[in-house]
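The next block holds one structure in the form of structure tokens; read it before the comments.
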Amino acid sequence: MSKMVVLFLAVFLMNSVLMIYCDPDHYIRAGYNHKYPFRICSIAKGTDLMRFDRDISCSPYKSNAKMSEGFFIIYKTNIETYTFPVRTYKKELTFQSSYRDVGVVYFLDRTVMGLAMPVYEANLVNSHAQCYSAVAMKRPDGTVFSAFHEDNNKNNTLNLFPLNFKSITNKRFITTKEPYFARGPLWLYSTSTSLNCIVTEATAKAKYPFSYFALTTGEIVEGSPFFNGSNGKHFAEPLEKLTILENYTMIEDLMNGMNGATTLVRKIAFLEKADTLFSWEIKEENESVCMLKHWTTVTHGLRAETDETYHFISKELTAAFVAPKESLNLTDPKQTCIKDEFEKIINEVYMSDYNDTYSMNGSYQIFKTTGDLILIWQPLVQKSLMFLEQGSEKIRRRRDVVDVKSRHDILYVQLQYLYDTLKDYINDALGNLAESWCLDQKRTITMLHELSKISPSSIVSEVYGRPISAQLHGDVLAISKCIEVNQSSVQLHKSMRVVDAKGVRSETMCYNRPLVTFSFVNSTPEVVPGQLGLDNEILLGDHRTEECEIPSTKIFLSGNHAHVYTDYTHTNSTPIEDIEVLDAFIRLKIDPLENADFKVLDLYSPDELSRANVFDLENILREYNSYKSALYTIEAKIATNTPSYVNGINSFLQGLGAIGTGLGSVISVTAGALGDIVGGVVSFLKNPFGGGLMLILAIVVVVIIIVVFVRQRHVLSKPIDMMFPYATNPVTTVSSVTGTTVVKTPSVKDVDGGTSVAVSEKEEGMADVSGQVSDDEYSQEAALKMLKAIKSLDESYRRKPSSSESHASKPSLIDRIRYRGYKSVNVEEA
């Protein structure tokens, strides 16, 4: 108490001096230690989930329990995936349609098609880093389609070169950087063909029981990578698409092209799936996969024997492993792969730790714990005890022969009795202590579990012995490592009063924790504000405030110093050793077992961790690839072309009630249809083909108009020639028999002064008229007779049978067959 009084008096005096001479805006350097450095503790998105294992069974140790010494090796199930390289081969065809106009080329449809590379072409890739520039595709109906790179109708070889973009897991090699394009003829459509070979060196992963494997490209193969066609491994892909070759030579790395180093593959598989060809090396599963993995080696162990089980206790791991008494024989090849490894570890541990004082007490034994761990136990015995046992056998033999050695016999009995008594006593003590220790640890773990609900970070930090950030997520703890900041950049503010935006300190609001500024390691020198927490933890932000309490004295620990704040202003810093410690630690007074603290913290099993994930990436990728394969040749396009004004009119008419709604629907449908028609016409006119067709139609219409106009002018200039073209034929006479009328027309002189025309007509009830008339004088009667003669002449030509009618009068084939043997009779003769 006297020290505390002196401390506070010193603080009061220093406070008085500093309030006068010290500027509160200055900083002080905050101290830290190696155990609790300045750090930021927060829960990241990807954290480790842990729980306290309270389901611990403490078997009662009887007085006859046997304890033995030794060391053991623990193997766990190997949950790592089997990783192996896979090559994929595909050929990508690009068809670019275009239309060439004057001075411009229009790109139209572009079709990209992927095809799996055939196996014989994959052999060319693996041997020469080349592929062919042609591709052939056979349709189900037997039709074969062929395509050539750059439309040259030649099957050449193309060299593979690495793609600029590559990742750690994938490397791609191609033959064409940019698709080929050719300018077609003017005003015509054309299509350019480009071919690109794509070879990908990917990494595949398979998980036990190896029923499928996934590539880093996201593709899935539903089959075991160890399937060789006859070993019975799971393989769900079509077997007719699988090709297996033996003693296959291939380029190991395509980066150097055909100059790359080659390797001999004992057995390789090629699988054609959708638009890709896969290839991978087929290995023996027992040689490539080991289901067990070394976890840890306990160099100092204790085995306690109960009625049915063994308890293997480790001081190093602070854990106990329970296993049945029946030992195992590892016969599975995927488990015997660890034999050479653990035998080597046994020899190394014995030679380094026990060779001088202990001897191996028999051979090793293999057990399977209740947690499905494989434990290899090597019992040991002290060499001094073994020497006594061997010496007792020699003394007894000599005792049977020589009697003078009886003293030694009595002495040995006493020694043996003492040894047996001490051994039983020690075994009983160790058994009882182990049981009590187990119960105590069980209670301690239960207490830690309950305390973790109050302060999880403190509990977990004490368990691990270093600063750990923990947060309770339901029934489990999410832990993460704290981020250390630049220790030399941490500065502690002297004032704890809140400063507003104008830089004025508040008289009523204060921070409940001191302000600090710091910077991160390997970052810009920009300082970051925060507040000092417990054990040098930095709390981000400065929102932790409270109402100022005057007077008040607060002491905050930082490193090896205690910082005193009086009325929220730093007044003094004193070493932490000056403050007395409340000693609540109860020390164990038993020297042999003073450090035998058993603490059991069990991690989640791999299955539990996998089930705790919200998104199962494997199932998502498998579903995606299944959907991709199912819809490989399907392409859907959806478009909505409803004009915006139609929706506006419909919304307006909906306010008119039911009638308006119905009328609006009708108008919307009608307007939409008209809009589609108009839009289609406009689109057709905008299309080069539609524009060209309309131009041709316009030219045809203009030509028709010109032809009609010229013909009309010709008719107006020469009506007789246009109306009666046969009048210009060199016909001298035309006879027409119509009743008793006969018309004869000799040469007729035209109105322009040609040959004279004499017309004679004999008609019933009319007199014969003959004579010549002049070019310029015609009587009305003569003109009327001329018109009648022209009319009669026209009718005679019209009544003359045409060639088509003459052909129609001929008998048909059926009539000729029907009336064969008969001869047709001329009508005039008849």
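Every residue gets a Cβ built from N, Cα and C, even glycine.
As recorded in Swiss-Prot, the features of this protein are as follows:
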CARBOHYD  N155  N-linked glycosylation site
CARBOHYD  N228  N-linked glycosylation site
CARBOHYD  N247  N-linked glycosylation site
CARBOHYD  N286  N-linked glycosylation site
CARBOHYD  N329  N-linked glycosylation site
CARBOHYD  N355  N-linked glycosylation site
CARBOHYD  N361  N-linked glycosylation site
CARBOHYD  N486  N-linked glycosylation site
REGION    634-686  region 'Hydrophobic membrane proximal region'
REGION    644-685  region 'Hydrophobic membrane proximal region'
TRANSMEM  689-709  transmembrane segment
TOPO_DOM  710-830  topological domain 'Intravirion'
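Same-chain residues at least 6 positions away in sequence with a Cβ under 8 Å from that of N361 (N-linked glycosylation site) are, in sequence order, S68, G70, P379, L380, V381.
Proximity of N329 (N-linked glycosylation site) to non-local residues of its own chain (separation of 6 or more, Cβ distance below 8 Å) is seen for I366, given in sequence order. The separation of N247 (N-linked glycosylation site) from N286 (N-linked glycosylation site), Cα to Cα, is 20 Å. Sequence-distant contacts of N155 (N-linked glycosylation site), defined as residues of its own chain at least six apart whose C-beta falls under 8 angstroms from its C-beta, comprise Y132, S133, A134, F148.
The Cα of N247 (N-linked glycosylation site) lies closest to that of N228, out of the glycosylation sites N228, N355, N486.
Separating the Cα atoms of N228 (N-linked glycosylation site) and N486 (N-linked glycosylation site) is a whole-number distance of 58 Å. In the three-state DSSP classification, N247 (N-linked glycosylation site) falls within a strand.
If you take the C-beta of N486 (N-linked glycosylation site) and look for same-chain residues 6 or more apart in sequence within under 8 angstroms, you find F518, S519, F520, V521. Residue environment of N228 (N-linked glycosylation site) contains 16 other Cβ atoms, counted within 10 Å of its Cβ in all protein chains.
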